[in-house]
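Working notes, structure below.
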2 protein chains.
Amino acid sequence: MAEPDQTEILPERAIEDDVYALRDETIREIRAAVETDDRDALVAAMEPLHPADIADLLEQMEPGPRDRLIALYGSEFDGEILSELDESIRESVIAALSPEVLTDAVRSLESDDVVDLLEDLDEAQQDAILEVLERPDRVAVERALSFPEGSAGRLMQREVVTAPEHWNVGEAIDFMRARLDLPEQFYHIVLVDPRHRPVGHVTLGKVMSSDRVTRLADLQEDSFRTIPASQDEEDVAYAFNQYHLISAPVVDEDGRLVGVITIDDAMIVLSDENEEDLLLLAGVGDESIADRTSQIVRQRFPWLLANLGTAILASLVIAQFEATLQAIVALAVLMPIVASMGGNAGTQSMTVAVRALATRDLTGANAIRVIRREVMAGLLNGVAFAVIMGIVGYIWFGTPMLGVVLGLAMIINLVVAGLAGVLVPLVMERCGVDPALASGTFVTTVTDVVGFFAFLGLAGVMLL
Amino acid sequence: MAEPDQTEILPERAIEDDVYALRDETIREIRAAVETDDRDALVAAMEPLHPADIADLLEQMEPGPRDRLIALYGSEFDGEILSELDESIRESVIAALSPEVLTDAVRSLESDDVVDLLEDLDEAQQDAILEVLERPDRVAVERALSFPEGSAGRLMQREVVTAPEHWNVGEAIDFMRARLDLPEQFYHIVLVDPRHRPVGHVTLGKVMSSDRVTRLADLQEDSFRTIPASQDEEDVAYAFNQYHLISAPVVDEDGRLVGVITIDDAMIVLSDENEEDLLLLAGVGDESIADRTSQIVRQRFPWLLANLGTAILASLVIAQFEATLQAIVALAVLMPIVASMGGNAGTQSMTVAVRALATRDLTGANAIRVIRREVMAGLLNGVAFAVIMGIVGYIWFGTPMLGVVLGLAMIINLVVAGLAGVLVPLVMERCGVDPALASGTFVTTVTDVVGFFAFLGLAGVMLL
């Protein structure tokens, strides 16, 4: 149903400008069709949508209307929609599908998409889906699931077009014309030795533009790289992005070809990893906009609890200076400024460091230099803000020494912020912990504690 | 030079585990070769490195050794290294190259890479590079530069393999075999009508596996989409990621083919956009790990200044309650807890909202629902932390009413945090401002002000 009163505060303009996103108009038509149980109107309205758009639509709907839409849409439901759905609502969408529709949907998917679909389901749903698969597909899916989660082996597709290294262009073309089960999308022919180990690859463009007698080995690409099946998918995505790979063969421990990863899979991983870092830095776990209230409350509670712990730590520091605060109440007014500036500066340094670690731009080769630079930057900005705040503090409260204390505390806290902002992520990376995970909490704990301690401590010494 | 004392605090393990990143050992060899002016050793050590790795290496070095390396490396310097370099040091690397090396390097690049290279240079360097290009390349580059920065027209490559829509597979293959200037990488043949408007495309795989008499039009892909040359590259990247495109033709206002964008270009844009959002959310502009201290000081100063403004605003709120603070100094000890919890909860909501806006998962269709959910989540977590903090406050200071005040302020601030966390990015998006840009500052201003006001205000009413 259209909810006319809500449009006023929404980013209507931005959405209308957008070429790709679901249009509000389409969404209204679809909601109206569901409301009136009009199957023909629903199918007509959904017809122009890509499965990825339909998945977005389902994610944006409330559970009730969503289930009604799925029931009404019936057998039109395409398997690809399941692949595109966010994990957070996959289980409930699958539960809403009739057994026949689910069977058809799952059978229409490629085996690597089925793997991706299964990964996040509970065991009962996994078994239900495995059961409806035809035998060869089931075997392929089960084999893929034998690789560790998040590994290249899970990410790859098993169908690869290969040719013996001694073949020429004509042989390759004739072979491909004769094959009926070529993969949907492929960009390279992988050259293999007699033991089925990849030794190079040629692009289809080169094959197509060369004479039939040209040897494939003479057309090999320089960019050829193989990927171990056990490699972390994050490293795979990094390699694709860093070296501009289009596809790369995956090999087992003996170097034998087991599958291929293409850039579109790597792009999805890259995008997911970036999202994960962004959310982790903000103290949000694996959260989605489609999550229910109870889910996000449970997700965020532990992060807030950790923050409460550090906030109490900061309060314990303040509590040491109760007598000072009692004597000069202006300190209570000004102290959040020092902590806030330190927290901000620390977050700046930390975010740059976390990102640089993720892109491998911060390494042993430049860590010392980066630390030195952050400390210097903290010192310089610290001095600048010390001057500003010294003046503000003096004008506000008329006590020159208060300005000096505020300025000194600012310098100390911004230097510490720069140092902690780089060191915390570096140490976490070294300990094998994702530096995006809890760096933020540690860094602001340091800047809060140091900020309050420096300001109130100096005030106690210099003003009392 | 190896700096042996620095290895102790560096993430040595993580780097050694890594399959792709530059190895510390290689970097040491390279630094030693530069130090001893040993050109052969330098070339030998750099030989296995990809241009992208060499670019990373240059970014990680200090300016002095970097210039010495470039001078020593001389004519081995590959044009692709320039393309891979971070903008922050491109100008200084180009300045360090001898005119002959620069000419060779630039001439070896494809025209779209030259465009990318030129974009961020100052005018003098732009002209110097345009001058050394051969005439057809210069024309191509100048034409690309006529499209607005950040548009599909800038991103595309001009070389496209096309075929009339009525051709069959045999005609296409013969045509390609006869052509000498095929692009380095291409995945599709674009079918065009007589007015050179793209009407569909076929994958090379389909062409190669079909009989010579098959009509190309019968092999067309469903996924075909064209991209207007004026479209924002961010939207292009979104479309590639959302619809799993591999390549897409770019058209002018009349729908005529002007170029093609491939997924590898889209992947770079996507990765850059994600980085930009991450850094903007942390109050860091367009910063890189290779920036000099003076650059990062200047970059971060305005953000810290904005934060100072909001921190002073919060202090002004506190200043209204000086009498209350004077009477009960415990309030000064506890008040940062309320603000800190609100700031954290607000950042959580905001980050989820900013990300969902970027991925088009937060739209007019679900905004009301998301706002309601965030407010409910704030309320529920607020109540939970109110209970915890109420008890902590009571035990700590022995005043039951202090616990009640703390708990109530916590509930108010977490609800406001949830509301502000979604509304601020939504309103910024609606106003055409990047929601990642300043949402953080606004949200924490709201939670600081509300947090201090609610806590101290309630204390004034209920405790005095």
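Any Cβ shown, glycine's included, is placed from N, Cα and C.
Copied over from TrEMBL:
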{"type": "DOMAIN", "residues": "A:156-218", "note": "domain 'CBS'"}
{"type": "DOMAIN", "residues": "A:219-276", "note": "domain 'CBS'"}
{"type": "TRANSMEM", "residues": "A:301-321", "note": "transmembrane segment"}
{"type": "TRANSMEM", "residues": "A:327-354", "note": "transmembrane segment"}
{"type": "TRANSMEM", "residues": "A:375-397", "note": "transmembrane segment"}
{"type": "TRANSMEM", "residues": "A:403-428", "note": "transmembrane segment"}
{"type": "TRANSMEM", "residues": "A:440-463", "note": "transmembrane segment"}
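If you look at the transmembrane segment (A:440-463) against the transmembrane segment (A:375-397), you find fewer than three C-beta pairs under 8 angstroms, all six or more positions apart, and that falls short of contact. For the transmembrane segment (A:327-354), the list of distant contacts is 277, 281, 314, 318, 321, 362, 370, 374, 377-378, 381, 385, 389, 393, 396-397, 399, 402, 406, 409-410, 413-414, 416-418, 420-422, 424-426, 435-436, 439-440, 443-444, 446-448, 450-452, 454-456, 459, 463-464: same-chain residues at least six beyond its ends, Cβ to Cβ under 8 Å. The residues of the domain 'CBS' (A:219-276), classed with DSSP into helix (H, G, I), strand (E, B) and coil, number 26 helix, 14 strand, 18 coil.
Secondary structure of the domain 'CBS' (A:156-218), assigned with DSSP and counted as helix (H, G, I), strand (E, B) and coil, comes to 18 helix, 17 strand, 28 coil.
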